[in-house]
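Below is one structure, written out as structure tokens, with a few remarks after it.
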Amino acid sequence: MRLCHSIILFNSLISISICSKADDPALLVASEFKEHFNVEEKQLETVEELLIKMKKLAHSRSFKGREFGHDAVEDSKKEVAISTQQGTINKKVSPFLFEGDIFLSRRQAVDILKALSKDKTKRLRRSFVSDKTATWKTMPIKYRFHESIDFYTISQIIAAIRFWEDSTCITFENVSDSPDGDYIEFFSGQGCYSMIGRNGGRQGISIGESCVKMGVIEHEIGHALGLWHEQSRPDALGYVTIERDFILPSYISDFLQRDDEIDTLGIPYDLGSVMHYGSTAFSVDQKSKTVVTRDSLYQQTIGQREKLSFYDVATINTAYCKDECKSEKTKCENGGYMRPSKCSECLCPDGLGGEKCEKNEDSKNAECGGIIKLTEEWKEIESPNYPDPGYEADQKCSWLLKAEKGKRVEIEFIEDFSFLCTSTCVDFVELKISDDLRNTGFRFCCYDKPEISFVSQTDTAIIIFRSQLSTDIGFKIQAKSTDAEPRTTIAPTIITTTLAPITVDAPNVWADWGEWSMCSRTCGGCGIRSRVRSCRSKKCEGRRQEFGTCNLKACPVDKHCAKLLSNNRLCNGKVCTKNDIAISSCDAPQCCPPFINVDGVCQSDQENQHDELWLSI
């Protein structure tokens, strides 16, 4: 790497800077990697070159005949993220990162590229790193804080480390100076990123300004312990579909099916994993869904960054802690198991608590929850202070529902329903009604009340209420024992069928427009829908994707909005971290600006905007 040198001409007192590529932001970022990771400049350049080869190979297979360079330049102008809960990926470091937040070793990059080159039809089998040399052999794992980390970030990192320590057999030790051997260095870098597994010597974890959230920090530590992203597992396509037409073309390599020998360790797929992509990962507009759950009830579950899920922890415990607690005889119920850090205690699935996971989890900042024994008569359950003044931020409740012997639990949502609206639920009610109470359930938020009736697979169900950021009405549910057959899902979400890539020699040849996506909001002209078309020639002029307004019927009167409410329904899929407080007018059905209510239909006096508002990318 060439540097800037200052030459002082003493006779004229003129300072001239002779600068080369050291002023290049990419090279300045490269110095960040060299400072915080055990990596030489040549190795860093090799990893970058391998990542470019992966991108070009994946791009050529998906968009045959199109120019990768042109797409890469256009994509570099846009913001990208792997989850709306994790912040956007810093453009300076993205050339060095795989799947948005993974800094690969040279060996890992070579292995992935080889797998891609050999067989394009198979999937890289990943959940936990299979390379045994990449696991941490010596405990405690030493770590230090770089001088760039501020006090608040340090407190969040310590909290995340303690969660890992409490839930697993892994231990950590903070050291002030750089020790000999292997260690982790937390630093405030250009975004959130980490390496996969132990790589030897100094190994950085970047916790940038947009990453200071416990779930994000736990995610990056998870990578360092050996966890890949959840949707990279070999069984992922049984639970999600990848909508290629909505992915930024030069990032298609972060979704392709590949093949390698990396183990899932027998842990079930978890749509609520903190390691899972969000629904708009690498999206062309940060709104269109690129990851669609086959069961649409899970759509707003994926991408959470609140905390590790039960199965996230179980993966690490299976990899590192199998020999712990062998001599203990603690018995745990409902899918719980002995806590490796303290074998006399049970580690319980979310929503469960007690000494043996036999009861509901303790509530937080509210008097709520409990064990409810059901009969054939309906019993009602509601969130704290429902409906007025409604729930508050940072509350949690859980209810353990038990049907009569030989029967199941039936659940229906009734009356008003309203939560902070985000693409990944931050405030939500969760239903765990499958026969696996360990796995994450359906999470519901926003203000569209689920209209179907749910029936559990067994005689047990769990309801969890969680609020993190906002205040709102909440929910009311009625539940009873039933002989009905299980109803735990609805038809899969279907968006667009992708055509096989075909390239023709003629210029500017577009395929037909695909189907419209679902509207992002249900009323008031508040949402958008989109559709895409593929370029069949090497290059096309015109828009690839177009957007339109939708659901122009005015939103119904909300009888509870006479109080102060946050305008969280206009977040456009992003987390409302700041509440815009206003007194809502509640005497008539509502429309979102610039629309106004005209006889129950949202219209605008701007030309053509009352019908379809077109945008393009």
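Keep in mind that glycine also has a Cβ here, set from the backbone N, Cα and C atoms.
Here Swiss-Prot flags 1-22 as signal peptide. Residues or ranges marked as disulfide bond by Swiss-Prot: CYS169-CYS321, CYS192-CYS211, CYS325-CYS346, CYS348-CYS357, CYS368-CYS397, CYS425-CYS445, CYS519-CYS550, CYS523-CYS555, CYS535-CYS540. If you look up Swiss-Prot, you'll see HIS219, HIS223, HIS229 marked as Zn(2+) binding site. The annotation domain 'EGF-like' is assigned in Swiss-Prot to 317-358. The annotation domain 'TSP type-1' is assigned in Swiss-Prot to 507-556.
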One finds that other Cβ atoms within 10 Å of the Cβ of HIS229 (Zn(2+) binding site) number exactly 24
Kindly assign CYS368 (disulfide bond) to one of the three DSSP-derived states: helix, strand or coil. coil
Express the distance between the Cα positions of CYS523 (disulfide bond) and CYS550 (disulfide bond) as a whole number of Å. 8
Distance [Cα-Cα, Å, rounded] between CYS346 (disulfide bond) and HIS223 (Zn(2+) binding site): 25
From the Cα of HIS229 (Zn(2+) binding site) across to the Cα of CYS192 (disulfide bond), what is the distance in angstrom? 14
Going by C-alpha distance, which of the binding-site residues HIS219, HIS223, HIS229 is nearest to CYS357 (disulfide bond)? HIS219
I'd like the Cβ neighbour count for HIS219 (Zn(2+) binding site), meaning other Cβ atoms within 10 Å of its Cβ, all protein chains included. 29
When the Cα of HIS219 (Zn(2+) binding site) is compared with the Cα of each of the disulfide-bonded residues CYS325, CYS348, CYS368, CYS445, which one is closest? CYS348
Sparsest-packed among the disulfide-bonded residues, when each Cβ's other Cβ atoms within 10 Å are tallied, from CYS321, CYS348: CYS321
For HIS223 (Zn(2+) binding site), which of the three DSSP-derived states applies: helix, strand, or coil? helix
